[in-house]
Amino acid sequence: MSTRFTKWLAGAVLGATAMVGATFGARAEETIKIGVLHSLSGTMAISETTLKDVMLMLIDEQNKKGGVLGKKLEAVVVDPASNWPLFAEKARQLISQDKVSAVFGCWTSVSRKSVLPVFEELNNILFYPVQYEGEESSRNIFYTGAAPNQQAIPAVDYLMAEEGVKRWVLAGTDYVYPRTTNKILEAYLKAKGVAADDIMINYTPFGHSDWQTIVADIKKFGSAGKKTAVVSTINGDANVPFYKELANQGIKATDIPVVAFSVGEEELAGLDTSNLVGHLAAWNYFMSVDVPENAEFIKKWQAYTNNPKRVTNDPMEAHVIGFNMWVKAVEKAGTTDPDKVIDALIGVSVPNLSGGYSTMMPNHHITKPVLIGEIKADGQFDIVSQTPGLIMGDEWSDYLEGSKDLISDWRAPLKCGNFNVATGKCGGSGK
Amino acid sequence: MVISTLSRLRRLCLIAMAILTLAGAGAIGQARAQDVQDTLKLFSGSYDDIQKGIEALAVSGQPTAIEILQALTDNRLLAGADGSLVYKDAAGALHDAATGTVVAAEPAGAKPVRANNRIRRAVEAALGQLTLVSPDPAKRLEAALSVFKSKDQTALPLIETALARETDAKVKTALERAKAALVLYGPGEEPAKLAAVEVIAAQGDQDALAMLAATPSPSPALAAAIKDASDAIEGRLALWSGVQSFYYGISLGSVLLLAAIGLAITFGVMGVINMAHGEMVMIGAYTTFVVQDIIRNSAPWLFDYSLAIALPLAFLVSGAVGILIERVIIRFLYGRPLETLLATFGLSLVLQQAVRSLFGPTNREVGNPAWMSGAFDLGGLTLTYNRMWIIVFSIVVLFVLMVVLRRTAFGLQMRAVTQNRRMAGSMGIRTNWVDMLTFGLGSGIAGIAGVALSQIDNVSPNLGQGYIIDSFMVVVFGGVGNLWGTLVGAMTLGITNKLLEPVAGAVLGKIFVLVALVLFIQRKPRGLFPQKGRAVER
Amino acid sequence: MIMKRLFGSDAMALWFLACLLVVTVLVGVLNLATPADSALHVPTYLVALLGKYLCYAILALSIDLVWGYVGILSLGHGAFFALGGYAMGMYLMRQIGPRGVYGDPVLPDFMVFLNWKELPWYWLGFDNFLFAMVMVALVPGILAFVFGYLAFRSRVTGVYLSIITQAMTYALLLAFFRNDMGFGGNNGLTDFKDLLGFNLQTDGMRVALFAASALALALCYLLCLWITRSRFGKVLIAVRDAESRTRFMGYRVEGYKLAAFTLSAVMAGVAGALYVPQVGIINPGEFAPQNSIEAVVWVAVGGRGTLVGAAVGAIVVNFGKTVFTGVLPELWLFALGGLFVFVTLLMPKGIVGTVPQLLDMMRSRKAQNAGETAKPEAPRPAAE
């Protein structure tokens, strides 16, 4: 090999190092930067791309109102490509190189788990907009999606009361959210007197596409003479083939209703819903909520995306709430310094899109109404039930053995994410 | 116009019959106007009130009952602020619910009466009673089934009347079953109930089992009869469930076959490791989406033929993309299969992102035409139409492909080129040309597979990713270069997977299949049907 | 003498090691010894990022050893990488101790909420660093040995081998996704605190991990270099170029292949173990067949059968990925995919093979002007 090449190689390596430095070097600060950490490629792009657009719209709109603290906002969009280690890397890049003041992002639990240490280490703020399994409370994360008690339990209560369901199929994708939700539900159902025989739990892998056997099993389970319902925590891509199989095997909502926690307007947009009328979903927001705030948001969103058919969904509302809370907290604190904003965020109350107000609680979860909707033929939801008041997100479930004694309170004297009320100590159950 | 008048006449006739039957059966006397008003007021109330209203309406003899109930299910029933009720007919004209007369305007503050599942069930039960005497046998069958489900005792006299005059054998059986269900759940005597158990047991399916299991407070003799009947049904169903698993296996196998069959050409025959194969399938699925989208917007009556239109188009589009890829990339890489792998892997990323940019990252809706929707029973099996057509379709594609390969000049040239390129060239075959067309054929068939897969799976940019590994497994397992091998490979993998699934669960089942496959390749390194001859050691 | 034997007549190896040394020292010193606002300061973020690239470089090196020198195209090397990573991750999980959210002194958080009462047997011993390090090498090694033994003995070669390695990593992917396996399911292992008692999040620890990765890369490189230059290595190359002929000459081809494959898997495992503390998470996604294919692409981009090329390819592609996912979040897949196509079509010898060729061409043009002729090119690996 020629020495000329080796010299070239050495030059290239050093040059590249210099380039890295230049690429990630700090820039002058004239704007307030906001990180948007949503996958734009890979398996999760299907859900997350929309949230990126929502953030861009919100930031754009805030800038038209004059920005925050007299400065314009600037979105820094990166693509973590549905790759979990890449989420951590990109989070680090956003915070330490782009110097963002807050990050809005993540969808899956694993992506949140991946970035959590980064946010705690570099002391920044993450707004996480998706319903999740709970069992977590970090000082640096604000959970604007639903905790299990803000989605699953009201849905089950509704089915018991309204449909008289006695037998339950808990079907989910095999990952932490369905596992935890199903554990909570199982404990809850048993506490309500449902026999173990009347609960069937089934887990399938991600992207499962052949549902023939499982749907047949559900049908069989449902023909034991008691009213049966399916509680579905099936994730993302697997839903379309699942619902197609349900429709084709003739399982109607009037026979065995399916209530889903991960199926919203966006997911239904890829489906012919005429055979799914009456199946349910539980969320904290539906596009069909009939209040002026929502109508205005939908109008803005459809104009922004230049698509009059574009739908809205629950995680989008969570980002709207989270963003408005952040703006309000920054204005209250008079600075974007994360420490001050984290303290200022607790207690902030902003209008949600279902006609009420959502408040950030000391456990970094928010108050929300729970809505139950039935799928309509046009892919929208008919809201058949709404909790009378707001429900506060419960991060540590009371129905799980490991966490029933834990609470989280990030206000001044306690400042603890896993305070044990039984032992009076911060730091988990501490056996 | 004529049709609507006719249907209105028929409906009137039907309502008249229902009223006559009700009156004749003595279920309830002539409805008075005041009662009707009270009943209709209920529809402005809570779900509980609406349900009461539906139940009252079903036995009221109200002439517009069917219209009201059907309007309710279709969201065409409006309640005014004062409790007055109007419904829209299919043409959009408003009718007063009490009298059926056309009214000019909606009452003040009119809102659609909402329905949830409970209300829908009540409507189904009520319509079941009201349409037991419909002139349309299909409707009568449906009515009988809904009475069977609702077990509404008030329908018993109606059922008996309907049974007495029923001529259609199928409907008659359904009515007998419905009657048996009512007897079993009613206050009747033990002998009658025992007979009912027999009727229901003869049905021998899941519904019968459910019906028997939930019998209210059976006497000891009845309980024993129920247990015997249930055991018999369960035994029968267990037998069928084995067959059902096998069928599911064939169905999964046919999906694998479709996904792999194009690869069997590009990889099996040409030796090109095409990692972008899945994306060819995806392009086919998106072609279907585009075709349906155009049809929906401009020619909705064609919808049932949308798949037939999409098939050749998908073949052409994917085939053209394939030919383009072959001309621009692959032809420079022949003889270097591993480098093709890398280039096509890069290509698959580009294609995915291209589709994502063009159509957006979310799932697109591809509808099932009527003939692809629903299911039918065969013995103890429930066969869904879409799966069944896919099985048929995959076999047809396989055979057409075989005919092309074995019986046409192009097939002959293709085989000649793959067996001995230089000699084929010397014989005057344009090998370059044949390569291009072969790759186009393989890609086009992948596109056809995409049309079929759009019926059961997501149409999203990730569609192809889900099938690529499985497709390679199928081709390698069956033996490269052998279409029969691909068929047997796909079916074996599908059936093994589905037979394991009830035992081991979906995930473990799939892991077992993969491990078994790895071990199998160790035993037979060239698959089930290895290519023979010296040309193998390439 | 040893130097001569190792590096032969060309100086590329020396230059590569020298560059590695310079960059490592420079990055380390500039990160730790300069103030954060200095223009020369290397941010910690970059240290972690470069450390990750180096781990990928080791993985690429291990693939190049078997693909470039033995002709085994493994599309499942990500599995060995991930297994090494899991072994390290298990050690790190045990190090968390009672600092997990539930405060359980023994069980990791995910076991607590799945109601596991005690540690499964295969987690025992992972609180010991040495044991964990042995496992980092042993688990991928044993898997590769068993898999390779079965495959090579029955002479599974070429694309068949590639496909079954893919099946292997796919099966492991599905298995590790299962929560019942006791490896944390989809969430994997995360929220690590300490390594050997040192806080993972300090700058010093990051530089140390980065330096360890650089050292491991250098050692693995030297090892590969030594192997490929040795008599053993010559046989490997013979197997690559003409397997049957080598067998007929009396060599036990299976043994040679198996040894190289197992060693390569161990190297991949080590890379995974170094990767996990630097990125802070290990989850089943690492088993995804796409990851393994991508790693092979790095080798192809850098230049197959050159060792240096593998490392360069891994670093260049991942650097590009880092830049483009930030700069062109919507379009970077076009760039990446396009790069793969471009490289295979127009640079079949990769960066390390093509660039000197271009330089030689330029030089020979100059030389021709001076009345000289260029020396002939060194032999390259044959096509498949």
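Glycine is no exception: its Cβ is also placed from the backbone N, Cα and C atoms.
TrEMBL: automatically predicted annotations, no manual curation.
According to TrEMBL, the protein carries these features:
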SIGNAL    B:1-33  signal peptide
TRANSMEM  B:246-273  transmembrane segment
TRANSMEM  B:280-299  transmembrane segment
TRANSMEM  B:305-325  transmembrane segment
TRANSMEM  B:337-355  transmembrane segment
TRANSMEM  B:388-412  transmembrane segment
TRANSMEM  B:433-456  transmembrane segment
TRANSMEM  B:468-491  transmembrane segment
TRANSMEM  B:503-521  transmembrane segment
- Item | Contact yes or no, the transmembrane segment (B:433-456) and the transmembrane segment (B:337-355), 3+ Cβ pairs under 8 Å, gap 6+ | no
- Item | Contact check, the transmembrane segment (B:468-491) vs the transmembrane segment (B:305-325), 3+ Cβ pairs under 8 Å, seq sep 6+ | no
- Message: So, taking each listed stretch (B:280-299, B:305-325, B:388-412, B:503-521) in turn and counting its Cβ pairs to the transmembrane segment (B:337-355) that are under 8 angstroms, which one gives the highest count?
- Response: B:280-299
- Message: Can you tell me which parts of the same chain pack against the transmembrane segment (B:305-325), counting only residues 6+ beyond its ends and a CB-CB cutoff under 8 A?
- Response: 266, 276, 280-281, 283-285, 287-288, 291-292, 295, 344, 347, 367, 369, 372, 436-437, 439-448, 450-451, 455
- Query: Going along the chain, which residues at least six beyond the ends of the transmembrane segment (B:280-299) come within the CB cut-off of under 8 Å?
  - Reply: 259, 262, 274, 306-307, 309-310, 313-315, 317-318, 321-322, 351-352, 355, 359, 364-367, 443, 446-451, 453-454, 457, 459, 461, 463-464, 467
